[in-house]
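Novice: Dumping the structure here so I can ask a few things about it.
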Amino acid sequence: MQMLTKFESKSNRVKGIAFHPKRPWILASLHNGCIQLWDYRMGTLLERFDEHDGPVRGIAFHPSQPLFVSGGDDYKIKVWNYKTRRCLFTLNGHLDYVRTVFFHHENPWILSASDDQTIRIWNWQSRTCIAILTGHNHYVMSAQFHPKNDLVVSASMDQTVRVWDISGLRKKNQAPGSQAYEDHFNRQNSQADLFGSTDVMVKYVLEGHDRGVNWATFHPTMPLIVSAGDDRQVKLWRMNDTKAWEVDTCRGHFNNVSSAIFHPRQELILSDGEDKSIRVWDMSKRNSVATFRRDHDRFWVLTAHPELNLFAAGHDNGLIVFKLERERPAFQVNRNNLFYIQNKVLHVHDFNNGNDRELLSVRKLGSQYVQPRTLSYNPAEKAVLVTSPHEGGTYELFNLPRDVSGDLREPADEGKRGSGSSAIFIARNRFAVFDKTNQQIQIRDLTNTVTKSFKPPTQINEIFYAGTSTLLMATGTSVILYDIQQRRTLAELTTPMVKYVVWSADMNLVALLSKHTITIADKDLQQKCLIHETIRIKSGTWDDAGVFVYCTLNHIKYALPQGDNGIVRTLDQPVYLTRVNGKSLHILDRDGNARVMQIDPTEYRFKLALVKRQYDEVLHIIRNSNLVGQSIIAYLQKKGYPEVALHFVRDDRTRFELALECGNLEVALETARSMDTEDCWQKLSVEALKQGNQQIVESAYQRIKNYDRLSFLYLATGNTDKLRKMLKIAELRNDPMSRFQNALYLGDVEERIRLLRDVGQLPLAYLTAKSNGLTEVAEDILAQAGKTEDEIELPETFGQPLQVPQPVIQLQDNNWPLLTVSRSFFEGSFSLDQKNDQQAAAPGLQFTDDIEDIEEAGGDWGADDENEVTGISQVPHHGDDDDLEGDDEEGGWDMDTDIKIQMQEQSQAPVETAEFVAPTAGTSESSSWIQNSPLASDHIAAGSFETAMQMLNRQVGIVNFEPLKSRFMAIYQASRASLSGNPNIPSMWVYLRRNQDDPRRSLPAVAHNFQNLITANLQPAYNAFTKGRFAVATTQFKTLLHSLLFTVVNTPAEAEEVKQLVGICREYLLGLSMEQKRRALGASPEATKQALELAAYFTHCQLQVPHMQLALRQAAKLCFKNKNFSSASTFARRLLELAPVTTVANEARQIQAACERTPTDEIKLGYDQYNPFVVCGISYEAIYKGSPKADCPYCSTSYLPEHQGKVCTVCEVAQIGSQGSGLRVTA
């Protein structure tokens, strides 16, 4: 048995707790006077109530009303309404602390116990005390109603437990019509004594505790009482109609026992106390079953949920909500059968006919208090594997009986049991058992004999079925697909700790269920989507269409493999999903009963059809279902189907926005008229102008009185008549600027001069008249101004007068559809729905002039109707068409009738739909690069620096992008070319691709070619290293290391070479940094020692052979010079093993010979050549094998753990110790 914690709060000491009977709420009354209302399912604090002065010890919810009651050390009982969040009234009467308060399950009564040695019963409707129960001679610590009978049990510090009969009080408070005359007469004449009422009498006094009793409560169904006291004992009492007696005592607590309750579903007693423990007792055996301890918290109160299998305990620092057993039944689905375990009996349920049969008993597996955890079914051998978490994990193999009639059979074969936390079938005659403690996986046959045993590749927590001879292994942070035969890892997927695995029927998709996440992947563990939930995920199953249906604690939801998810329905209590079949959802409830729940799958099937572009199915759902809701509308907008969303919307504002989005000007105009707001008309004018529908543009401008734009519209369309009207309107509005503008558009010089004279601008009027040759008007203006021509200085030349272009052709239709647009599939279908009746009535064989836009047929149709074309004579028309030759071929044209009918039917939809939708902007080249490539360099080329940086951070932990700025800019610039255009026209960008075959899969040109990097960067770096130019070599290797982040290769072999080159750069950069550090050291003894160590470490860098010879030669000389002869001899020997040139070899032999005479080291070095080590990139200290370290996720340089979180000193861009998925260089 284990304590499964569901919720825990941190607060002041909790003295009272109460579960809400229906909602996932719990009340906690605190020692500081506060009352807290928690949602234990969400883990959130809903409300605080602060009106008591001093500790609040009693708290209780009403079983049906939105009320709760509290009692505290201020002697007050308060009744609260949690909906209005306020105290309704206060009941005063107690003379000391109130210890407990409870509501009656039927009557409007409140029961309170107090330190004033009394128990009071209150009517909360009349707000009066209706009974005072006296008899205890010390503090009354608790008092509770019986859940069914007219009884009250109380516990007191006077070491007694009392049972009170309140049947008289019930009769007294019944409706008058239900009482006999004698009862009514007796009630009127009964006299209450001074301290109590004759309506309540003591029935039993239970004595047996040696010290004060803190708690007493009734069993919910049996005539039993349990009590807990300061004598550290829990006592069980039995009662009948005439007497009550002690049954037994449970001993084990070693301090005061605060409370004790009955388990509502099992024969168990729970108790807690000041010994910081919660204990579980067997009622029949009176022995302790389990003990749960806390280190620092004394327990003060304990309660059980009235309906669910939940308990709560209050302690010094908060409260804890827990349960003692997993309620998830062990089950497995095989084809149309559900195998599950209920009350330790294996059942099989047929999904088709609903039949349920008991197969065998598994009561001997594990403990009687621990339910089986998992079940694995083998259809070939008709066998099941059942596991239990008892004693670290046990399993048992059962063969199903062929005949299930008669009594249940108890399996007697002990040889098919064993220890293991997980056991699953992996083949027809093999199953795998996982021992979590020893991290061992055993493959066993059906006789329970081990045939194979192996260690998992890493520390794992669970194994799951993944097909024949394969396993899914769950670690704390990932899931591994493992091949048992080849003993190798096939794939690994990073995910939160997986609790359950659900495969689709065809084993192509798998859902990995964690506590709060669902990871959907394919059979190769390639992630499809990741879904996060704030509430615990309980179970799931796959729909036949490939939709994953799952449930949380309070919802049934769905998830599409593409990542979309939503709610199917709400739940009162959690259930466990087993099968989805259309609208029927097969489930197991928490009592282990197989049931069928009805759901509406319309929403997720609609979304799935949209995702798969199954438009016929989408239309079928739209026409035949009641699919509504803001979430559907938002989803359709998000996915780019506003015309479908328009079908569901009735709100004018939303319809208007959707109509604009899909270019449906008719609907937009209709809704704009109904709303009639300036903002709507403005948006409509913009969209109509894009489509060329200037009639709507004109109407919109007129509605918002945008005269300037109206005038320009008339100018653009050549409508001079309306321009003249606009001129008149400007005069009436007394708007000189608009008047001048319209006169200018019309080319009306006289009107402009008249306007300028009216506003007093005589110089401008004179210039206008003079420049346009109106001499008489100019002289008249001069006379008006009192000037002569001699007084006026004019320019020598005026230039040509401004002429407004006139329209060549006045259009009959004011709209000009310059863009050929078409409706979408859905708009065409909706339009056909509206016209079906008309089309059904039309004759099918008649020719119908159905072309909506005649210009689409060709630009020259009808060009020669009025004027003949020069050089081509017209064919004269002789008679009617009926006079054509060949009348004897009667009915010859009928051979094409069938084809014509088919062509008309096929062409109706596209012709009908050739309207409305404005063409949307196509996908830009850079956007295609982002969609087509998972490489950071391609995102940089597209200009999406942010996503590129996020990729580099996820892959190799890059956090310092400053050194990479120049490369970002270079890649971006190298991906495009600029072509100059005509004057005053911006240049055109030409995007450079590396693949020219498929434009839809285009990718940018490669800026960093791998072979070029080797030629241009690696070889010069090697040469600089050879020549001893360490600063230059460091710069070149670092440049190469940074460039490799943006390299793109085509084959896995080249990708492996990139990884090798990263390692080469790391080794050289680390060696160069150590060498430069050594050369910068002084001459002190400490510096000498460090210099020798650095020279020694340098020889362990993985360098090219010539460069390794240089490092070894230098180290040998340095050690020989400082009389470290033993080390010098070692370096000389290693140098000779590399076969250097003759002069170097002779030198090494001389050093070796000299050192062998005195093989000692004068300076003790922290260097052990025989123990494998790596060098810290910051402190340059050796980190020997097995020591803790932190690595750079990009270059893999090792560091001491204290440097975790810093930027790597070798690559200068990645964060030490961060996790990465690995550099990706292939698309």
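Positions of Cβ are set from backbone N, Cα and C atoms, glycine also.
According to TrEMBL:
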COMPBIAS  856-868  compositional bias 'Acidic residues'
DOMAIN    344-589  domain 'COPA/B second beta-propeller'
DOMAIN    617-774  domain 'COPA/B TPR'
DOMAIN    823-1226  domain 'Coatomer alpha subunit C-terminal'
REGION    856-889  region 'Disordered'
REPEAT    7-48  repeat 'WD'
REPEAT    49-90  repeat 'WD'
REPEAT    91-132  repeat 'WD'
REPEAT    133-167  repeat 'WD'
REPEAT    206-247  repeat 'WD'
REPEAT    250-291  repeat 'WD'
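Any idea what these are sitting next to in the structure?
Specialist: On the 0 to 100 pLDDT scale, the domain 'Coatomer alpha subunit C-terminal' (823-1226) averages 76 in this prediction.
Listed as Cβ neighbours of the repeat 'WD' (49-90) (distance under 8 Å, sequence separation of 6 or more from its ends, same chain) are residues 15-21, 25, 27-37, 96-103, 105, 110, 112-114, 122, 124, 127, 306.
The repeat 'WD' (91-132): residue composition by secondary structure is 0 helix, 24 strand, 18 coil, according to DSSP.
With helix defined as DSSP H, G or I and strand as E or B, the repeat 'WD' (250-291) counts 0 helix, 24 strand, 18 coil.
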Novice: Near the repeat 'WD' (206-247), which residues from the same chain, at least 6 beyond its ends, have a CB less than 8 A from one of its CBs?
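Specialist: For the repeat 'WD' (206-247), the far contacts come to 138-139, 141-142, 144, 146-147, 151, 153-163, 253-262, 264, 269, 271, 273, 275, 279, 281, 283, 286.
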Novice: For the repeat 'WD' (91-132), could you work out the same-chain residues 6 or more beyond its ends whose Cβ comes under 8 Å from its Cβ atoms?
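Specialist: Residues 16, 57-63, 67, 69-73, 75-79, 138-145, 147-148, 152, 154, 156, 164, 166, 169-170, 173, 195-197, 199-200 contact the repeat 'WD' (91-132) from elsewhere in the chain.
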Novice: What are the DSSP helix, strand and coil residue counts for the repeat 'WD' (7-48)?
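Specialist: Computed counts for the repeat 'WD' (7-48) are 0 helix, 26 strand, 16 coil.
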